[in-house]
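Participant: This is the structure I have questions about; it appears just below.
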Amino acid sequence: MTAGIKMALMKFLFPPSLFVTATSLASFTLMTSSGLSELRGKNLEYSKFFNIGSKASDVEKSKLKLPSRIAMATLYTPAFLAGVSSFAIFPDENLRFLLLKSAISIHFFKRVLESCFLHKYSGEMGLDTMIVILSSYFISSALVIFNQHLTMGLPEPPIDLTNPGILLFSIGIIGNFYHHYLLSKLRSQGPNKEYKIPKGGLFGFVICPHYLFEVLVFWGFAFISQTLFSFAYAMGTTFYLLGRSSATRKWYLSKFEDFPMNVKAMIPFLF
């Protein structure tokens, strides 16, 4: 049975080396563990979850904090630079690699721009949290790119997923931006930037449609790349954002008595 599964996977993936297999397992394990932590209420402290579970006196004493706008823009920048620099580091690669490098660069450049100019922030982010997220995005993006480089000279997978990958990436990045735009319109410009129940788009079905579309972006990377690492990273990201969206839904339920019970966390009608 194991051999049959392996043969089926090899129709969609480049044959993985020991390095690719090891980094894939590590990425999937870390991301999935983070998602389980979110489900259990041990949340990364940013956005709505900043200071949750911390004593006020401890937070006041801490000096390792940054304004959220600066922290968010900073944590996406290294991953963006990894994408851009890959054009110079690996200049003579094939179309698949060019599309992958372009998609990674576009996604993280968009996130930097959104952090700087679109999102409304009301709090801070701990430096430790920023470093954790920054490292995850940068290392994972660099490994997606490097593992793609390792496929040069290998036979192409029998089933080409490049075009479906471009479609998934395009839907994901447009949908992610649109719902980030809707979220930004909910927050007031004044000093009291209170949270409200989001409306419009897919917010009538799930509380985190921006996460759903971000997942599509990462599956777009995976389909374009067709490496074991990119699939493991996409799967791990999916599990993490499922956990984060579930925690977000619980937060809204605790803050708003009129929160609609039929609104799921991330996947319409299911979760």
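Glycine is treated like the rest: Cβ placed from N, Cα and C.
Those TrEMBL annotations? Automatic predictions, nothing curated.
Sharing the features that TrEMBL gives for it:
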| type | residues | note |
| --- | --- | --- |
| DOMAIN | 165-271 | domain '3-oxo-5-alpha-steroid 4-dehydrogenase C-terminal' |
| TRANSMEM | 12-32 | transmembrane segment |
| TRANSMEM | 70-89 | transmembrane segment |
| TRANSMEM | 125-146 | transmembrane segment |
| TRANSMEM | 166-183 | transmembrane segment |
| TRANSMEM | 195-212 | transmembrane segment |
| TRANSMEM | 218-242 | transmembrane segment |
Participant: Do we see three or more Cβ pairs under 8 Å linking the transmembrane segment (70-89) and the transmembrane segment (12-32), pairs being at least 6 apart in sequence?
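Facilitator: Since fewer than 3 Cβ pairs under 8 Å link them, the transmembrane segment (70-89) and the transmembrane segment (12-32) do not come into contact.
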Participant: Give residue numbers and ranges for long-range contacts of the transmembrane segment (166-183): same chain, 6 or more residues beyond its ends, CB-CB under 8 A.
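Facilitator: Apart from its flanks, the transmembrane segment (166-183) reaches 99, 103, 106-107, 110, 114, 118-119, 198-203, 209-210, 212-221, 223-224.
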Participant: Where among 125-146, 195-212, 218-242 do we find the most Cβ pairs under 8 Å to the transmembrane segment (12-32)?
Facilitator: 218-242
Participant: Quick test of the contact rule: Cβ under 8 Å, at least six residues beyond the ends. What residues does that give for the transmembrane segment (125-146)?
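Facilitator: Sequence-distant neighbours of the transmembrane segment (125-146): 23, 27, 30-31, 44-46, 50, 62, 64-68, 71-72, 74-76, 78-79, 82-83, 86, 90, 100-101, 104, 108, 221, 225, 227, 229-230, 233.
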